[in-house]
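A short write-up of the structure that comes next.
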Amino acid sequence: MQRYIQRLEEGHDLSPEEAEDAVGKILSTAQDEEIGRFLLALRAKGEKPEEIAGFVRGMKKAGKTIRPKTSFRLVDTCGTGGDGLNTINISTAAAIVTAAAGVPVAKHGNRAATSMSGSSDVLDALGIKTDLEPEAVRQTIEEIGIGFMFAPVFHPAMKRVAGVRKKLGVRTVFNILGPLTNPAGTKGQVIGVFDKKLCEPIAYALAELGTEHALVVHGDGMDEITNTGETYVAELKDGKVSTYTLTPEALGMLRANPEDIKGGTPKENARDLLCIFKGQKGPKRDIVVMNAAAALYVGGIVGSIRQAIPIAEDAIDSGKVMVKFNQFKTFTSEFYRQKNKESLSGKSMSMRSRTSILSPASGERV
């Protein structure tokens, strides 16, 4: 670690292999002081796409992965968070709309970091179980076309850096790695970032990682495609990165005010999402539709985001989204019940085992 820290403090870039090795050490043997110095030195130098790709490979190597079999390109809708705008859970709602429209989704997420409601928080409030084991998530994706991968389950080693990150009190490379480390190996991604300057580096990092089609977006201060102003997009397609801006009008949508898409607590956001799923129109539905359309585009079923807008709208208005939501809720609840049943059965077996090795006559162990 000391060699890597010195290189960074001198302003030198790490090779992808060095970055991968460094994050492996951070997640296993590095001391807190070394981790802190490394993260601050990297932050001061600035992360290069090749370094980001190396960090992602290292994190995936240290974590748990799944490989669901799907008929269409598997996609994820995930943001870095950290925009501080406290909107409704746009990418989470968009994931369910996307799956209802026929493109399989492996949603990667966590609890709230800076907002009141993270993806896991709102799904829990909706009655969808989020902390399933990897095999259960794989089956969920294959059976109903959507699954949720709770970051602490798939990346348990991240606990090692939680204290250091909190103590540093500044954004580090780990603030951008979450959306890039999808455990299902998604080849299509819509990634929202909290800073416009991150769009291109992350798109180039995704190219290094073999992603087929991705949109890295920053819209009017938020880590989403927005209907409140312009969205800056870095698009990775066919191995090339291009940049452009989107407006709601260009997608045939109405422009909204930031207040129109504000969120609240997980329960409040859950109510908003259910209203959208049931067909209620308005700015909150519009922004979900726009982001779902982007996911359908990277999923490969249409040639542009605009072409996907009516597909996303029809998924809601036809009732397909509510059907998919109910499937998601039922399927994850069943896995959760099985998990608890097996856990209770294991405890019962353990108690019987302890009882069986006692002498019936004396109560002494034999």
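A Cβ is built for glycine as well, from the same backbone N, Cα and C atoms used for every other residue.
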Stated Swiss-Prot location of region 'Disordered', expressed as one of 67-91, 342-366: 342-366
Secondary structure at Ser91 (5-phospho-alpha-D-ribose 1-diphosphate binding site), reduced by DSSP to three states: helix
Least Cβ-crowded entry, counting other Cβ within 10 Å, from the binding-site residues listed as Thr87, Ser91, Asn110: Asn110
Pairwise CA distance, Asn110 (anthranilate 1 binding site) versus Gly79 (5-phospho-alpha-D-ribose 1-diphosphate binding site), rounded so that it is a whole Å: 11
Candidates Gly79, His108, Arg111, Asp223, Glu224: member of the binding-site residues with the richest Cβ shell (10 Å): Glu224
